[in-house]
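Chemist: OK, TrEMBL features for this one:
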- 13-325: domain 'Glycoside hydrolase 35 catalytic' (DOMAIN)
- 161: active site, proton donor (ACT_SITE)
- 235: active site, nucleophile (ACT_SITE)
- 371-471: domain 'Beta-galactosidase 1-like first all-beta' (DOMAIN)
- 496-554: domain 'Beta-galactosidase galactose-binding' (DOMAIN)
């Protein structure tokens with residue numbers, strides 16, 4: 001066992017144990033797929049003709065509070081890696097600490113932002129100390145499953161696309177040493193887009209490139225920077241992510257296959273990002289902000305070869321046919337797809353919920369002083385006059401504004417002012433502020449505090465004496481709602497409101513939840529947060545995995561901000577609304 005050579009990049013071709021080897025990989029994130037479906041999704045990856053699985057590791061899930069580590073159940077990384085090995089797949093692991101992935105704060109835990117001097121992704125001592133503590137717990141779980149120790153992990157990625165950030169020349173060397181010193185002994189590699197290749201590398205580490213089209217000369221650029229080394233596209237973008245309020249992105253299957261064929265004919269190794277996107281369940285979606293803040297959807301379908309719910313697509317079948325011509329042995333038959341059903345519509349019952357300076361979510365004295373990471377925060381103060389309420393861009397990211405529980409407006413990144421009528425009597429001003437998702441790819445990572453992040457003014461006077469209430473909507477919070485008295489909505493309810501109902505199921509089956517004529521909020525099934533619903537689209541349905549249902553009664557709770565039909569619908573298939581082709585202009589704008 002100790003004599004196994006592992007993956008090598010000593011010439012223009014990879015070798016594994018001394019034999020020529022081409023990496024044909026695909027990304028499936030264990031944290032975006034219910035554990036009950038891990039095997040199914042990996043078997044479908046292998047049946048497409050791929051030999052390698054790639055996955056990121058989200059720090060913010062594994063250490064949600066400083067010093068509290070979770071590696072069980074849906075977060076059992078070791079079990080996921082070992083399962084891939086049992087199914088005959090190799091694994092390339094991307095442990096971060098930053099992963100991007102259209103994931104909140106690029107996978108970094110929000111409690112890092114409590115440090116006012118924090119410089120993320122640098123050798124700032126506050127960051128490196130936290131990384132070292134995390135890696136002390138994470139890396140020992142990876143070392144036993146490395147190839148040289150009999151496991152499936154053949155390579156490990158050093159950070160992710162650092163060339164596009166590149167704030168600290170010593171940072172990548174720090175991450176490399178953090179991996180090596182803890183026992184990582186397999187091939188190390190980096191991953192960058194065309195422009196990032198110039199400053200994203202680190203000595204002794206193989207560089208790879210990320211791309212979708214071949215019109216920008218990415219591969220020749222990589223070959224010039226790194227002669228006499230194997231060429232690999234670490235992220236071949238099979239589609240693209242979606243943001244709320246914009247069309248659903250699609251990428252032509254025929255065009256993708258044409259480009260992949262050219263890469264394969266040139267002997268290049270390739271990974272499909274994503275092969276299966278899955279879902280950013282809960283509040284874990286990220287955001288982009290290149291001049292305008294745009295939160296990403298809960299669906300991470302990505303127009304990938306496997307859909308959000310694991311169905312085969314035209315891309316999958318064309319890709320399988322193509323890869324079969326590059327395989328030395330027959331590839332396995334694809335597993336059957338999961339059945340789905342549209343359950344009967346159901347009606348819900350409703351129940352309303354009612355420091356001197358405002359404090360950001362991250363600095364609230366919640367979660368053992370680790371602050372609030374996700375969800376909503378309610379800020380309340382008394383006012384004695386009227387005029388213009390001005391946010392000064394200190395609302396992150398969206399606030400419902402109430403006077404004595406009456407909704408008077410919304411403040412967000414587009415709307416910075418709300419008019420408040422004058423009155424001589426004392427009134428209560430309340431702002432229900434939502435974290436719509438922290439930026440995951442942008443130089444502004446250090447400035448992703450949420451809630452009220454500074455003064456807001458009324459008639460040019462900063463408001464003071466706030467009381468703040470954490471509404472993070474964790475499972476414990478949702479479970480507490482069960483003990484409350486719920487009444488039939490009957491007349492028109494006051495918003496925001498929680499609605500509750502029971503879905504009776506004979507045999508749990510995958511389905512999609514639709515909320516026509518609802519506005520915006522969050523959907524829970526048996527305490528599981530499926531994600532955000534928002535009428536602006538493009539996502540019009542939430543994926544509900546069958547394993548999260550049980551035979552008999554299933555508790556449905558919906559938080560709605562502004563408007564509810566009080567009936568929810570179920571469908572067999574998703575709905576993404578209007579679509580738009582991924583274009584060159586998109587990449588010039590976002591990459």
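Placed from the backbone N, Cα and C atoms, the Cβ positions cover glycine too.
Where the annotation comes from TrEMBL, it is an automatic prediction and has not been curated.
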Chemist: Do you know offhand how many angstrom separate the residue listed as 'active site, nucleophile' and the residue listed as 'active site, proton donor' by C-alpha?
Modeler: 10
Chemist: Across all chains shown, how many C-beta atoms besides its own are within 10 angstroms of the C-beta of residue 161 (active site, proton donor)?
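Modeler: The answer is 23 other Cβ atoms.
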Chemist: What is the number of other Cβ atoms found within 10 Å of the Cβ of the residue listed as 'active site, nucleophile'?
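Modeler: The residue listed as 'active site, nucleophile' is surrounded by 23 other Cβ atoms within 10 Å.
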Chemist: Taking all residues of the domain 'Beta-galactosidase 1-like first all-beta' (371-471) together, what is their mean pLDDT?
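Modeler: Over the domain 'Beta-galactosidase 1-like first all-beta' (371-471), the predicted model scores a mean pLDDT of 94.
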Chemist: Would you mind splitting the domain 'Beta-galactosidase 1-like first all-beta' (371-471) into helix, strand and coil residue counts from DSSP?
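Modeler: Summed over the domain 'Beta-galactosidase 1-like first all-beta' (371-471), the classes give 5 helix, 51 strand, 45 coil.
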Chemist: Counting by DSSP secondary structure, give me helix, strand and coil numbers for the domain 'Beta-galactosidase galactose-binding' (496-554).
Modeler: 3 helix, 33 strand, 23 coil
